[in-house]
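Working notes, structure below.
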Amino acid sequence: MFSLRKTKLQPVSLHQCRLSSLFRGVLIHAIEVTGTQSQASLQHGLAGKAVLSNAKYLSVLTRFRTSTRFDVWSIHRREAISSISGSILLQARDPAKLNEEIQIAVDEHRCDEAWRLFEQHMQMEGFPRKSVVNNVVVCFAESLDSNWLQKGYSLVEQAYEEGKQNLLEKEPLLYLSLALAKSGMAVPASTILRKLVETEEYPHVSAWSAVLAHMSLAGSGSYLSAELVLEIGYLFHNNRVDPRKKSNAPLLAMKPNTQVLNVALAGCLLFGTTRKAEQLLDMIPKIGVKADANLLVIMAHIYERNGRREELRKLQRHIDEACNLNESQFWQFYNCLLMCHLKFGDLESASKMVLEMLRRGKVARNSLGAAILEFDTADDGRLYTKRVSGKGSEVKEHDNPETRVVSIHSMIPYDEFSRDRKFLKLEAEAKDVLGALLAKLHVQVELITSERGVLQPTEEIYVKLAKAFLESGKMKELAKFLLKAEHEDSPVSSDNSMLINVINACISLGMLDQAHDLLDEMRMAGVRTGSSVYSSLLKAYCNTNQTREVTSLLRDAQKAGIQLDSSCYEALIQSQVIQNDTHGALNVFKEMKEAKILRGGNQKFEKLLKGCEGNAEAGLMSKLLREIREVQSLDAGVHDWNNVIHFFSKKGLMQDAEKALKRMRSLGHSPNAQTFHSMVTGYAAIGSKYTEVTELWGEMKSIAAATSSMKFDQELLDAVLYTFVRGGFFSRANEVVEMMEKKNMFVDKYKYRMLFLKYHKTAYKGKAPKVQSESQLKKREAGLVFKKWLGLS
C-alpha cells in the first residue's frame, strides 16, 4: 500500500514552465519500478491495489487538467505519461518518508544517496526539514571531499538566495566553513563567515580563527583572511560596542584577539602582502588588542619589509624590555633591524651592530660564566634546543609534529565539535597552524645566528655589507670594518680572512681599483698578506694592459716584502711582448732568473675562481660573487620619500603628500608601487578624490611601460580598484580587473559585489534612456560590463 498525503490545492496563476516542472517532479520522481509486471497486465488492471491507488492519484491530476486555470498541464501530460513504459509503476513519494530516508543515508555516511534523495525532495517540495538540511551539510563537511564540499556550499548558497537562511544553523555552517578552509577553498569558506556576520549569527573568535588559520596557508586565502579581520574589526572600532549590554555578548565573543591577528599577519608576511598587513597593525589600537611576543616580532618583519625604520626603532624598546621573548624571536627582530639599516644605506649603524655582536660573543667565550653555562647545558642541550614558547617552555616528548600535522588536516567529528561550546579544540588547532607559519618566518632569518645565547653575525651580513660599501665607494671604511671584525672574531689565517675574500671577489668581477685600494688599506694597517692576492691582481692588470697600475703594485709588493711567483713574471713578460717592449720583457726575465723563481707557481686564485664558477659548495667567495653580481637594490632615497609620503597620507594631509611626491620626482627618484599605494589609500580615506586617483593611474601605467622600477602588485591594484568602484569609474575599474586577471591575481569579488550594491544598487537598471550622449553611452556600457563581471546582471 502506498501512503498518500492529501494535498491542499489552491487555484493560482502559474507560468507554464514553472507548472510543468512542478508536476513532472511529482510524477517522474514518484516512480517505483516493479520489474515483474508486463505492459499488458498494466493495461488490463492486473496490478492490484497499487494500480488503483495510482489511478486515483491520476484522477486528481485529470481534474487539474480540466480546470481553466491549469490549462497548461495538458501540454506536458502526454509527455509525462508516454515516458512511462514497460514495468514502471507510479508512486507518490511521501515527503516525511523521504526526510527519513535522507536522514538514514546521512547517518550511514552515504553522501551520494543523501544527495540524490535531497534533490528529489527539492524538486517535490523544496527544502526538507531544518534538521535534515543541517545534517546533510554536516555529512558533506565531514567527508572533506571537494566534490561534496562544493555541493554542500551550493546548498547553503541556494538557501540564502531563496531567503531560507533560517533553515541553516550557525554550528553546521561553521563546521562547513572549517572543512572548506582545510580543503583549500578559501573563497566559499570566507563567504560563509561573512554571511554569518551579515545575518547577525556571530561566530565565536576561537571558531573563526581556526578557519582563518587554514585559509592563511595559501596566497589568496591569506589576503582574504586579512580582509575578514579588517571587516570584523571595523565593528569594534573605538569601543562602539557597549560591553555592559547582555545583548552584545555574542558580538563581543566574535571580537578579533591576538591569535587571530598573528595568524592573519603571518600569512600576509609569507605571501608578500605586507601593506595589507600594515593596515591590520593600524587597526590594533582602535580595537584594543594587546600585543604578545609573537605579535611584536611579526610587527618587526612588517616594518622591515615596508621600510619603516623609525617604527622599528620605537619597537626596539619594547623588545628589549619584554621578558618573555625566546632566542629565536630576538634573532628575528635584530635581523629585521639590520636589514632595515642596509635598505637605507646606513652602513655605519649596521657595522656597529655587527661589531657589538662580535664583542659580546668574544666576552662570552672568554668568561668563566660561559664555561659554566656550557658545562650545565651539556646534559640538557636537547631541551634547550626545543624552546618554542615565549616563556621558554619546552616541547614534550609526546608532542610529535607528525600527529599534530594529521590533526590539522583532518576534521574532528561533529559531535565533538558541537559539544565544545568554547571551541577550545579549534583554538588549539589555530595555534598549531600559527606555529607552522612562524616557523617559516624563522627560516627566513639569514643575517644573525646565536652561540651560547649570544647573537652572532653570519657570513651573509658580511657579504651584504661588503657589497654596500663597494657600491658606495667607501673602501677605507670597508677595510676598517673588516679588520675590526677579524680582531673581535676568532682569528683566521690572513689568506682566508673576510677582507682577502672581498679583494678576490673584486678581482674576479673586474673591480681592480677597489681591490687595489683595499690592499693599500691592509698594508697601511700593518696587516701582512700572502703573495696570492698580489699575484691575482697583478695578472688582472696585465690582462687589461694597465702598465701604470702594474708598476705601482710591484712597488707596493716590494714594500710589503712580498715575493711574487713565476706565473706573475710570465704574465709581466707576456704583457711587455704584446706592447712590443722587448727590452722590458728581457729585464723582467733577468729579474726572474736572479730571484731563482721556479716555474709552475701559485695557482690558488685560479682554482678558487673555477670552484666558484662550477658546482662547488657555496662558500664565502661564492656568496660574495653572487651578491655583488646581483642588480643594485632599491635606492635608499626612495625608502626615505616613501616614508614621508606614507606619513602625510596616513594623516590625511594629501596636499603635503602631493608636494612630497613632486619633490621626490624632481630629485630623480622614481616612485614605485609602495609610493602610489600610500597616495591611493590616502585619497580613498578622505573620499571624493577620484579624479586624482585617475591621474595617478595614468602615471602608473606610463612609468610601468617606460621603466622596470614600477611593478603592479595585488595590493596596489586592489586599492585602485576599490577607489574606482566606490566612485563609479567603471571604465577604469574594468581596466584594473583586466590587468589583475591577466597577471593571475586574486580579486575579492564578494567585497566588490557588496560595495557595488551599497553605492550603485539602482544604477544601470531598466532600459537605457532614448537620448544620451556618447560619453553617457560608454559609461553605461562600462557599468553593465562590470556588473556582469560581478554576477549581478
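Glycine residues also receive a Cβ, built from the backbone N, Cα and C atoms like all the rest.
In Swiss-Prot this protein carries:
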{"type": "REPEAT", "residues": "257-291", "note": "repeat 'PPR 1'"}
{"type": "REPEAT", "residues": "292-322", "note": "repeat 'PPR 2'"}
{"type": "REPEAT", "residues": "330-364", "note": "repeat 'PPR 3'"}
{"type": "REPEAT", "residues": "458-492", "note": "repeat 'PPR 4'"}
{"type": "REPEAT", "residues": "495-529", "note": "repeat 'PPR 5'"}
{"type": "REPEAT", "residues": "530-564", "note": "repeat 'PPR 6'"}
{"type": "REPEAT", "residues": "565-599", "note": "repeat 'PPR 7'"}
{"type": "REPEAT", "residues": "601-631", "note": "repeat 'PPR 8'"}
{"type": "REPEAT", "residues": "637-671", "note": "repeat 'PPR 9'"}
{"type": "REPEAT", "residues": "672-707", "note": "repeat 'PPR 10'"}
{"type": "REPEAT", "residues": "713-747", "note": "repeat 'PPR 11'"}
{"type": "TRANSIT", "residues": "1-87", "note": "transit peptide"}
Exercise for review: Run the contact check on the repeat 'PPR 2' (292-322) against the repeat 'PPR 11' (713-747): 3 or more C-beta pairs under 8 Å, excluding pairs closer than 6 in sequence.
Suggested key: no
Review point. Are the repeat 'PPR 11' (713-747) and the repeat 'PPR 1' (257-291) close, by which I mean at least 3 Cβ pairs under 8 Å that are 6+ residues apart in sequence?
Key: yes
Review point. So how many of the residues in the repeat 'PPR 3' (330-364) end up helix, strand or coil by DSSP?
Key: 32 helix, 0 strand, 3 coil
Review point. With DSSP helix as H/G/I and strand as E/B, how many residues of the repeat 'PPR 9' (637-671) fall in helix, strand and coil?
Key: 28 helix, 0 strand, 7 coil
